[in-house]
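What follows is a single structure, written as structure tokens, with notes after it.
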Amino acid sequence: MSNASQTLTTNLSSWPVRRAAWTTFLPFLILFGLAALLPLTGNEYWGLIATRAAIYWMLVSGLSLIVGFAGQLAIGYVALLTLGAYTTSVLAAGNVLPPLPTLVALGIASAAGAVFGVIVGLPALRLRTFYFAMTTLGFATIVTQVALAWQGVTGGGIGITGPEMPAPFNTAWGFFYLCLGIAALCTWGASNIAHSRVGRSLIAIRDAEVAAEASGISKARLLVVVFMFAGALAAMAGGLFASLQTYITPDAFTFELSLLFFIAVLIGGRGSILGPLIGTVVLTILPEIAAPLAAWSTFLYAFLLLVIVLAMPGGIAALLDFESRKPLAFDRAVRPNPHVLGELFHGQRDGRSIVLRDVVLSFGGVRAIDGVNLEIRPGQIHGLIGPNGSGKTTTLNVISGYYAPEKGDVTLGSPLDPAAAVTRAGRGIARTFQTPRIVGEASVLDNVMIGGSIDGRATFLEALLSLPRHREDERRIEADALLALRAVGLEALAHVRADRLQHSELRFIEIARALVLRPSFLLLDEPAAGLSGVEIDHLGRLIVEIGRQGTGVLLVEHHADLIFSICDDVTVLNLGRVLAAGTPAEIRLHKEVVSAYLGG
Amino acid sequence: MLLDVNALEAGYGKIGVLHHVEMGVAAGEVVALLGHNGAGKTTLLRAISGLLPWGSGDVVFAGHSLKGSGPRESARAGLVHVIEGHRVFTQQTVADNLLLAAYDLPRGERSARIEEALAFFPEIAAKRHDRGGSLSGGQQQMLAVAQGLVRRPRLLMLDEPSAGLSPVLVDRVLAVVSQLRAEGTAILLVEQLVEKVLAVADRVYALAQGRVVLSARCDEPDLRSRLESAYFGSTIARD
Amino acid sequence: MLASILASGVAVGAIYALIGIAYNTMFSTSRVMSFTAGQLGMLGGVFGSLFVLRLGLPPIAGFVAMLACCALIGVITEFVAVRPVLKSLDQHLYVLSTLALALMIQQVTAIKWSTEPQPFPRLFELGSGMLDEKFWVPVIACLLTIIGLELLYRKTLVGRAFLAIAEDNFAARALGLPERNLRIASYALAGAIGGLAGFAGGQLLLAFFANGPLLNFYGFVPVALGGLGNNRGAVIGGLALGVFQQAANFLVGGIFSSVAVFCIFIIVLLLAPQGLFGSHVARRV
């Protein structure tokens with residue numbers, strides 16, 4: 001063990017160094033540093049604009065997690081700003097309860113924002129994108145209507161006085177520094193989340209939802225937390241916005257503002273924090289320096305949105321991503337180092353098998369699998385072959401919980417939950433997909449770290465504040481991911497964006513992602529498809545070594561020679577039934593198998 | 001050659017599926033295309049008919065390159081592709097399904113062409129007013145083939161016409177293939193049922209990993225053992 | 001009171017239903033839900049008022065000119081916001097591109113037309129009270145549209161081709177149908193239907209640039225409840241929504257009626273994500 005960890009550290013130091021921390025922080029430091037110097041100019045008008053930008057950024061920092069990371073098109077976020085502004089103003093003015101101190105009112109407004117953030121977000125858990133966009137839009141319309149109509153509380157169309165800040169925040173510059181400080185905290189928190197397990201999981205849900213599920217990431221739980229966080233930030237921004245405006249009417253919260261927030265994220269770039277920050281600053285300043293265009297600002301924003309969508313989907317972040325423009329070596333080959341697996345896999349393996357008993361599943365009246373029996377034993381490589389439509393992949397999908405069998409059961413010691421793919425990672429079952437499900441915009445390393453998501457112990461709050469347990473999680477998952485990458489032979493590409501890799505390399509990333517889980521069982525869905533002969537040989541050796549670690553492997557494949565050379569057991573399916581089962585030598589001689597393949 | 005495929009490379013996005021495919025079909029012959037799931041058979045047909053834009057190489061049909069043309073242009077030239085999975089329009093009647101296939105034909109010719117196509121399949125001619133969805137899988141497959149015949153193709157490409165059919169119906173569909181050949185239509189047939197296909201085909205190609213690994217006449221004596229080894233490895237060409 | 005709730009509810013509901021049909025018409029050939037649907041309704045009112053009141057054309061000429069303009073907007077939508085993003089349908093870029101175009105249309109209307117609601121001409125000078133033309137014109141328009149679409153889909157080859165593309169785009173392409181031209185045609189048709197909704201409902205909604213988002217949402221609700229692409233669901237849902245909304249308006253006040261509509265919308269969608277009349281579950285793995 002100590003020997004192993006020594007090799008690990010020496011090897012770690014020889015890997016390409018991650019971009020040094022200061023280059024990552026530098027743009028933030030410059031931006032906030034410059035802003036902090038603004039009072040020296042003595043220009044209070046610019047101070048006002050800067051305060052507004054800081055407040056907008058509080059909202060956008062949360063929104064960027066929803067739009068940029070989780071890929072949920074929340075286009076009506078002005079509603080939560082409105083909600084926060086009115087809640088804070090009403091509570092501070094004492095229209096409903098006795099007047100509360102402004103900061104307390106602000107706190108309550110944030111809590112309300114968290115609650116409504118989740119309520120508005122609920123449809124995103126079940127519905128298609130357009131529906132969610134519509135719901136947020138509908139919510140935005142309704143909040144304004146309620147503000148107009150609930151005259152006794154909100155003052156209706158006449159409006160209400162914004163909350164007054166306590167000293168020392170009651171001067172223009174005092175308030176500016178308060179907002180700047182909070183904005184800096186939001187930046188820090190959002191960056192922490194972005195670079196944590198949560199950030200990676202959100203991107204996985206966005207771009208590779210099925211793979212996220214297989215890695216044990218629960219979309220619902222994750223999104224609810226993020227909606228709460230973003231909602232609270234938005235409502236807090238609303239309270240401060242009301243204070244900045246000194247007097248608010250429903251007219252102050254136009255849909256144009258919503259558009260500004262949304263476009264700031266998209267101009268900035270998905271999956272980035274710096275980009276949306278720059279986007280927010282630019283969009284806030286733009287109408288000020290181009291005053292004649294003010295009337296056309298919505299048109300401009302919309303036009304920008306169209307241009308971004310059609311011409312530069314990566315946004316500012318992609319423009320700033322100089323790393324990804326360096327050419328990669330052209331003639332690189334994947335060279336796995338199966339011996340590294342010993343370092344990754346350590347500790348006790350339990351000796352139970354996955355057992356399928358009389359499993360039946362049909363689609364639209366056609367029996368895709370019809371009474372399949374199968375046992376995958378620990379440490380054994382089990383090949384599953386059969387002609388087109390014989391039910392191989394369906395069987396794999398039943399085991400990994402994407403389909404519930406109509407009859408029969410699937411057990412690993414105890415029954416495996418039917419149709420609950422998200423539970424499989426917890427039971428030590430990992431898988432790969434026929435078409436690699438990879439997050440193209442994330443680095444190879446981040447992709448592999450997604451596989452270790454359920455290993456993390458830190459909560460969202462710990463990640464937000466970068467507390468020790470979170471940092472310990474990150475270190476551990478990263479080290480595991482690097483080991484897994486070394487095992488499959490991709491460590492040299494760890495920091496490259498995954499969409500720059502070749503198809504065969506993506507297959508090995510998927511295997512690395514599955515290995516980070518240290519699975520007791522690994523289900524491979526046609527891993528050799530699209531690989532060259534040499535790569536298939538490498539793959540075969542890697543799979544054999546995975547088996548030696550005590551992991552049971554189910555190998556669905558068309559390359560009969562690969563199956564026959566590495567499997568311990570082979571099951572042949574035909575028309576959803578087991579046609580034959582036995583050792584490779586027995587199967588090779590099986591008359592029916594040969595004729596099922598050649599269609600006798 | 002009626003159809004000539006030269007050094008064709010095609011795939012989906014970044015995933016290259018076909019690698020330097022060379023093959024051809026002469027006028028009036030039946031050519032079978034064999035291979036595993038994922039070997040690239042369907043991709044090859046889609047590339048030929050223009051459903052899938054391809055990268056480099058060339059597809060020449062009746063002396064004209066099909067580069068850049070879509071399925072509509074191919075069909076007009078006489079190259080018709082009947083896709084896999086008997087995907088007929090379930091909400092529309094059998095007659096309307098055929099009428100749709102005749103969309104590009106002059107108005108006056110449509111009904112004659114439909115009757116001509118239906119003549120091959122009396123069992124669906126009787127159901128011409130039933131909706132496509134009410135047909136059995138085998139009848140849907142016949143309808144799909146009939147849709148292809150409406151265009152009076154010079155080359156008909158059939159993608160797994162036997163999938164999911166009972167043996168009797170498979171024979172029925174393959175009988176039509178023989179009948180068409182007798183009338184001079186060339187056919188490119190993708191199939192899983194090797195034995196049955198070899199009985200109707202003149203020549204055969206086998207694909208593996210997107211490459212042509214076997215090209216032979218069906219009357220060559222050692223064909224079966226060569227196919228077997230092409231399927232079970234050991235002789236799969238590697239590079 | 002019941003009669004006036006019904007009269008205005010059915011009239012408004014017919015407008016929503018027409019917008020819903022415009023959504024469906026675009027969706028059927030492209031799988032795209034376009035935010036321009038509501039704007040087309042808004043434009044129907046604005047163009048109607050522009051041609052008939054400002055330019056003084058006879059109503060029938062104004063109507064035809066309005067249809068042509070809205071059809072053109074539909075075609076522009078296809079070219080600018082739909083075709084470029086069709087390849088990446090799974091990334092939902094169309095939500096953003098159509099939203100952007102919709103907002104541009106709205107802003108141009110606000111600046112070039114007016115930010116205040118403008119009057120809409122009376123078309124037939126017929127009826128008064130509950131039987132006023134403003135209540136029955138939308139209903140007639142909706143009825144004629146449904147009949148027209150039925151005839152198109154059942155009796156013409158072009159209509160069948162639309163249905164074929166809606167059912168299985170790939171198979172339709174393989175068959176050699178001119179899928180691209182048919183898609184453009186369906187966007188023109190949707191433009192005309194959306195414009196008709198705004199024109200027929202012009203006397204109720206006036207020629208107002210801000211009608212777009214409202215029609216977008218209330219036209220989408222029946223589509224979502226009825227199931228995407230289901231015109232019958234859209235009509236039933238639209239009429240039900242209109243009557244419900246007007247009833248709530250009279251009984252508890254306008255604000256709470258929109259809150260109620262919103263809540264019902266969310267609850268129904270959470271319980272029946274495919275809509276009350278739809279049933280389609282895509283395979284994911």
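Quick reminder: no glycine exception, Cβ is built from N, Cα and C everywhere.
Here's what TrEMBL has on this protein:
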- C:6-23: transmembrane segment (TRANSMEM)
- C:35-54: transmembrane segment (TRANSMEM)
- C:60-81: transmembrane segment (TRANSMEM)
- C:93-115: transmembrane segment (TRANSMEM)
- C:135-153: transmembrane segment (TRANSMEM)
- C:187-210: transmembrane segment (TRANSMEM)
- C:250-272: transmembrane segment (TRANSMEM)
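Sequence-distant contacts of the transmembrane segment (C:6-23), counting only residues of its own chain at least 6 positions beyond either end whose CB sits under 8 Å from a CB of the stretch, comprise 33-34, 37-38, 40-41, 130-131, 134-139, 141-142, 145-146, 149, 190-191, 193-194, 196-198, 200-201, 204-205, 215-216, 218-223, 226, 231, 234-235, 237-247. Counted as Cβ pairs under 8 Å, contacts with the transmembrane segment (C:187-210) are highest for C:35-54 among C:35-54, C:93-115, C:135-153. Counting residues 6+ beyond its ends, the transmembrane segment (C:60-81) has Cβ neighbours under 8 Å at 26, 30, 34, 36, 39-40, 43-44, 47-48, 51-52, 94, 97-98, 100-101, 105, 121, 183-184, 187-192, 194-196, 199 in the same chain. Within its own chain, the transmembrane segment (C:35-54) has Cβ neighbours under 8 Å at 15, 18-19, 22-23, 26, 61-63, 65-66, 69-70, 73-74, 77, 81, 95, 98-99, 101-102, 105-106, 109, 113, 118-121, 190-191, 193-202, 205-217, 219-220, counting only residues six or more beyond its boundaries.
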